[in-house]
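**Q** Pasting a structure here, questions to come.
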Amino acid sequence: MQEQQSNKKIWLNIVMVVVIILAGLTIIGSLHDFELVLEKLKTMKLPYYLGALGLSLVGLVLITLSNLIVQRAINKDLPMKTGFFIQSVEPFFNGITPFSSGAQPFQVYFYRKHHLKPEQATSIVLVVSILYQIACVALSLVGLILFFNQITSSLGLSFIFLMIGIFINAFVLVLLFLMAYVKGFKNLIYKLLMLLSKIKFLKKKMEQLMEKSDKFVHNFQKGVKFLFTKKRVFIGSLSTKFAALFITYLTTILIAKALGATLTTSENFYLVFTSLLAATSMFFVPLPGASGGTEAIFAGMIGAMFESPEIAISLMILWRVATYYFGMLYGFVSYLILQKMKVKEVWI
């Protein structure tokens, strides 16, 4: 019964994503001559775009393998095939939920379903999250430093939103480390939840969180301490994540070529880093895939590079399909495979 309700929610979220896509296309159509955009899309050189999808697939597999390094270090009993598909569902659930960490509860569920202990399941998803956050913040800062003048010139006042996103990512990373190493941090969380519980409509939820907070922080601290005592795991997983992210956003270069654009080496690197900045800095937008914010920031940063807005809009659409919707498809296929794996549920 519980699984049926969960499946129903998943399909409702998928419907919501479709609605958001249609709404986004409507907005694009109202801001630009969408017929010109469609005409530009028709001229796309398919081999280049298929190459972009291939790069995206390589990036997705590398991210999964990066996460698998952490998982295998924490639990070696789970078959690699099962672990691979549990990690592969991440882009699907992240894509259909309002926040970028939306996959974590589902992954914990699947780990528990396949007999992992609660603390192991929690440690895996939290350690993976920390490493991903480190990679995103580091690459975002590199891109911002290298192309600061071009980005500020292209975005104008919208640059504020980009900086808010980068600040939030950095703040979350600092918060994670404080939670990991400051002994009294769990008491601070408990007091904060207690304060929020005094608000009538939040009381029930906050009381539930208060019961779970101590165990959560304990598992989190245990996971982080494990991560930084296993240098090979830390370096191996993090370096694979850097490679995966960079390869994923190399897709923009092939997409630009597919649309007939001729760019310099500097402009190619600008495309890579702006696409990464757009995707990672808009995590705070509370919509599936940060829809709207991601597209607007990316289109704003690349608009001045091309002779007509239709090229920039076409590139943005094809980039979003290759790096977001294609990833969701990859995750959805993994989800269907996991659903077919018959394993007796064990709850400890």
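Note: Cβ is positioned from N, Cα and C throughout, glycine not excepted.
Caution: TrEMBL annotation is automatic and unverified by curators.
In case it's useful when we look at the structure, here is the feature table from TrEMBL:
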COILED    192-219  coiled coil
TRANSMEM  10-28  transmembrane segment
TRANSMEM  48-70  transmembrane segment
TRANSMEM  121-147  transmembrane segment
TRANSMEM  159-182  transmembrane segment
TRANSMEM  233-256  transmembrane segment
TRANSMEM  268-285  transmembrane segment
TRANSMEM  322-338  transmembrane segment
**Q** Given a Cβ distance threshold of under 8 angstroms, which distant residues of the chain, six or more beyond its ends, lie next to the transmembrane segment (121-147)?
**A** 66-67, 70-71, 74-75, 87, 101, 104, 107-108, 111-112, 166, 169-170, 172-173, 176, 216, 219-220, 222-224, 226-227, 234, 237-238, 241-242, 245-246, 269-270, 273-274, 276-277, 280-281
**Q** Could you tell me the mean pLDDT over the coiled coil (192-219), as a whole number?
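**A** Average per-residue pLDDT within the coiled coil (192-219): 72.
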